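Q: Below is the structure I would like to discuss, written out as structure tokens.
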Amino acid sequence: MMHQASRDGDLEKLKQELEELYVDYPEEDARKQALCHRDHWGLTPLHYAVKYNHLEVVRMLVEKGADANVRGKKGARPIHYFTCFNRGSDASILQYLISCEADINALDDNNFSPLHFACSKGNFKVVQILTQCDGIKIEAEDRLRNTPLHCACSYGDIVVVDTILDCAANLLAENEAGFTPLHVACSQGHEELLNHLLTIVENRFGFAKLASVLEMKNKEGQGLLHLAVLASHYNITKNLLERGCDVESPMEGNDTVLHIAAVSCNTEMIELILRFMSFKVLDKPNDKGRTALHYAARFGKHKIVSLFLKRGANINCRDNNQASPIIMASGKSGNAKTVQMMMRQEADILMTDREDCTALHVATKENNLEAVQMLLTSEQRKEMINMKNKDSNTCLHVACAHGYEDIANLLMEKGADVKSRNYNNETPLHLAAYYGQNDVVDNIIDIDNSTINDNDSNGNSPLHMAAESGNFDVIKYLLKSGASINDKTPLV
């Protein structure tokens, strides 16, 4: 009940509870221990009184023996609770706790000090009081090595930040991830604050130091510019570029800001970056060998692809898997408009990746019917349609194995060879039968049943393949369509 009275600010009820406490615990030590009892939330009456800003209750509890430094949930003390929960309220409780020798540098289980909390909440009044205390630790670090200045920059209040800086806080202190307070302000999108901090650096240390700070990187190799682009902060990106940030500098994985913008499909950001970027960087590959064009093509962003191509990007560049942009555009995430645009710009549709797959193989495998349709409008379709990958599978083999009926029908309509054999001497019908693709089996036989009794390298016919995988509907259809049962017995 003492906890509830403290939470509610009910002085009369609290007095009654305290009188009973004196009766139940006549010894001072036992009474103090009872006063600091934690409830199922891990909080003492004093924590509640502080959290809900009941000054007179706080006074009464402390005067009766409550410990001003008692630990509660996650190691938080009453002073932590004030700095965390009482933003903008009267700071009398804080001043009272300090007068009662509350530890202004106390750390909770996450090594957060009261100043960390106040800065993270943008509580100027509390920050001002704490920074005026003798012995305050301006550079205290939490478990992630964030200082109060990191927290202040995360919140973004310039007045709070300046108050901490006036106490000689290190503007370039790095946390565990290598973020300085400037990195934090940038990633959080605090444009005005970041400009303010960069101006401070320039005024205090000169332009040479500013240039160095602009290129400082965290442990993932991300500088201010990378962070701004990653978070799609356009105005910050523009400001950093105008201040001279190196637009060509790579982060971890050798991704430039152009790679980042292409992955996020941010057309406006890409247009901005291209204004500051030389042509040679347009085709700069990352560690996967991919250019920004690869990513724009992969995600089917035809406007961005067009933008890159107009700037002279290499349309037939290859990544480490030998995939070209049009191969990536033909995948599941791509679209036919992008494929069409690249075909008009003379992308080589016969190029193959490391698995000897063409763009048509990829479009087929990932069931991108519109991309298949677009690729088959090419004058090179006759040459492309029966090309084989490393397993000697044509696109028709792939479509039949996956049961992509519409694509299989389109391929056959455009001249795909139903008699084509892969490395195991299997026809498309063999694969359709093995994987139980009933409709595809039906369509192949309707178009050309000449392979119904063909054997693969192991002497298996499509009927054998269907029997091996237990596809009884396919077995029935094959038998009905004239499949021979006189060769090697399908059930053996």
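Yeah, the Cβs are placed from backbone N, Cα and C, and that goes for glycine too.
What TrEMBL records for this protein is below:
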REPEAT    41-73  repeat 'ANK'
REPEAT    110-132  repeat 'ANK'
REPEAT    144-176  repeat 'ANK'
REPEAT    177-198  repeat 'ANK'
REPEAT    220-252  repeat 'ANK'
REPEAT    288-320  repeat 'ANK'
REPEAT    391-423  repeat 'ANK'
REPEAT    424-456  repeat 'ANK'
REPEAT    458-490  repeat 'ANK'
Q: Can you check how the pLDDT averages out over the repeat 'ANK' (110-132)?
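A: On average, pLDDT over the repeat 'ANK' (110-132) sits at 97.
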Q: Determine how many residues of the repeat 'ANK' (41-73) DSSP places in helix, in strand and in coil.
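A: Helix/strand/coil tally for the repeat 'ANK' (41-73): 17 helix, 0 strand, 16 coil.
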Q: What residues in the same chain, six or more past the boundaries of the repeat 'ANK' (144-176), come closer than 8 Å to it by Cβ-Cβ distance?
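A: Non-local partners: 113, 115-124, 127-128, 131, 136, 138, 182, 184-185, 188, 190, 192-193, 196-197, 200-201, 213, 216, 218.
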